[in-house]
Amino acid sequence: MGLLSKKDANLILDPLADNNPITIQVLGICSALAITAELKASVVMALSVVFVLGLGNVVISLMRNIIPSKIRIIVQLVVVATLVIIVDQVLKAFAYELSKTLAVFVGLIITNCIIMGRFEAFALGNGPWKSFLDGIGNALGYGVILIIVGFFRELLGSGSLFGIKVLGDPIARTGLYATGYENNGFMILPPAALIVVGLIIWVQRSRNQALIEEN
Amino acid sequence: MSENKLTLKKRLHEIKHRLKGKKIAPAFGAFHTFLYTPDETTHSGSHVRAADDLKRTMNMVILALLPVLLFSFFNTGYQHFAAIDAASGAPRTLDLFGNFLTWENFWLGFVQVMPLVIISYAVGLGVEFIFAIIKGHEVEEGYLVTGMLVPLIIPVDTPLWMLVVAVVFGVVIGKEVFGGTGMNILNPALTIRAFLFFAYPTWMSGDKVWVHGAVDRAGTPDAISGETVLGYLAQNNTFEYSTADMFFGFIPGSVGETSAFLILLGGLFMIFSKIASWRIMVSAVLGSLAMGLIFNWVVDLGWVGESSRFYGLMSFEYWKHLIAGGLAFGIVYMATDPVTGSQTHRGKWIYGFLIGFLSVMIRVFNPAYPEGVFLAILLMNVFAPTIDHYVIRANVKKRLKRFKTATVYPQATDDKAEQLKAETV
């Protein structure tokens, strides 16, 4: 990490693992449940959030000294909304089919708790460079979980990855399907995402006992 | 002979002592207590002297399930051959000793059903052993009943690998993550069925899965099929099974759910041996009758005509809901699970009533889920602690009221009331 000081590097690396926004802070669950049935949608959603949170954190950080604290939430909303509209329009222009799959959930990035949370907790009190790193880090932490969940849900639920039928054709019964294998319809349903996220949390906590809360 | 046995017993005891403190110890201990009574006793504290420990309770339920399992062997075979006869244009008429209780039927059913039982036990107990070793606690007997229930509530042709996946899911997600036997919120056997139902719906519904061989023969000249009673009704079709057939269980359906008669016997056995709660059973029956009556009235009043897609199930005589599908099995063996059901007496009445009520409601309003009973029980499993909470609160309130009217000093009452509240919350 010659580019970044250790402190700065931690801003990116921490949210990827030990301070993950989904598995540790349990934020942004709704979109993780809704759009992870396909890996492609997960990746696009992750990239969108990286863009919105990275840029948004910088903008808020630059404005942090001139935002009146009483109306800061409204200002934050305007910033997120602007960035989300950009993402939405880009998707509609260049990936129309995908934007239909993601439907309302791109718009709902505005209400993603991770974004407002980072604005409030970090960007309002730190400089633009650090805020940028923090935004990228948290968005990536969110994205990693989305991609893991999307990977398992699409592989087990539809037998494909990025729409490519990696396990064979379920109708012509080639590949794995020739042995009698069937796609698991449960993985397509939103509750499956909840269970996969739960399993990730389980694995993470059993690998790092320090994360387990005392009760 | 007896000397040999003694040495085996002794040897096992020795091995047990040698393994003490090692990781494998709980697993070996479980295996050991399964064969012999443990040689150690509690040295301190009070202990209750009662013969009906968890293992005994579980064995009683399994005993109540055995007639159902035995019947399912014959019925699986009978339905298979009856479907072949029907497809070839010569439908069978039932003759209990002539063509039902035959060796041929028994053997076919045995070969089809036993693998389900064996897989269910092997995988489920395997998962329990692994968790016991990881967590270092004793293996609990919780899976003994679940393992027997699972094969009885799924279609006979369920592929074995699906059962493996579902059992692993059900035991891990339905039970172990909550802390194992006694801590689970959902009935593990029903969790397994629900998983199968939502993961592999084509293997859990339709007219092909209820009779052995129907899936394999689909699309060939030998094609056979067997629709369940509820399946016929959901499509507003009529069926040829008599009420007696339905009551005694000579109909297609999940492996062990068909015979309401044997389930009734099992239920009575569990009531008289005080294993299962009669309150839950009775109230669940009342609940399903109530919902069935409401639907019958709606039809009688002419609000639902024959053209309605609900007509078939709504006009089904209210009491027949109990002998069709898995309602009877669910009420007797699943709703009465002491871990996931309500614990209070009044709570049991509410819990049971709503299970019956909702089962019939789901059956009628969502023909895609003719087996509404498993969804109803799972839903009420989730609500059972809430029901208990309010029953207990209501009781506390009632007693507080009585306490207030009986006492002379109002000041003291409030303090006492607060204290009581703090104790019970």
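Cβ atoms are placed via backbone N, Cα and C, with glycine included.
Within the same chain, the residues at least 6 positions away from B:Thr228 (FMN phosphoryl threonine) whose Cβ sits under 8 Å from its Cβ are B:Trp210, B:Ile251, B:Pro252, B:Gly253, B:Ala324, B:Gly325, B:Pro370, listed in sequence order. TrEMBL lists B:Thr228 with the feature FMN phosphoryl threonine.
Counting only same-chain residues 6+ beyond the ends of the transmembrane segment (B:57-74), those with a CB under 8 A from a CB of the stretch are 100-102, 105-106, 109-110, 113, 117, 141-142, 144-145, 148-149, 152, 249, 255-256, 258-259, 262-263, 265-267, 269-270, 273, 275-276, 329, 333. The transmembrane segment annotation in TrEMBL covers B:57-74 (among others).
If you look at the transmembrane segment (B:106-131), the same-chain residues 6 or more away from its ends with a CB under 8 A from one of its CBs are 27, 30, 69, 72-77, 80-81, 139-140, 142-143, 146-148, 150-151, 154, 156-158, 160, 163-164, 167-168, 170-172, 176, 180, 212, 255. What TrEMBL lists as transmembrane segment is B:106-131 (among others).
Taken from TrEMBL, the feature transmembrane segment covers B:143-173 (among others).
The transmembrane segment annotation in TrEMBL covers B:246-271 (among others).
Per TrEMBL, the feature transmembrane segment maps to B:278-298 (among others). Note on the transmembrane segment (B:278-298): residues 267, 271, 304, 313-322, 327, 331-332, 335-336, 341-342, 345, 348-361, 364 of its chain, located 6 or more positions outside it, place their CB under 8 angstroms from a CB of the stretch.
Marked as transmembrane segment by TrEMBL: B:318-336 (among others).
Sequence-distant neighbours of the transmembrane segment (B:348-366) (same chain, 6+ residues past either end, Cβ-Cβ under 8 Å): 230, 277, 279-292, 295, 310, 313-314, 321, 325, 327, 330-331, 335, 341-342, 372-373, 375-377, 379-380, 383-384, 387, 391. As annotated by TrEMBL, transmembrane segment applies to B:348-366 (among others).
Taken from TrEMBL, the feature transmembrane segment covers B:372-392 (among others). Long-range Cβ contacts of the transmembrane segment (B:372-392) within its own chain (Cβ-Cβ under 8 Å, at least 6 residues beyond either end) map to 153, 185-187, 190-191, 193-194, 197, 325-327, 329-331, 334-335, 340-344, 346-347, 350-351, 354-356, 358-363, 366, 424.
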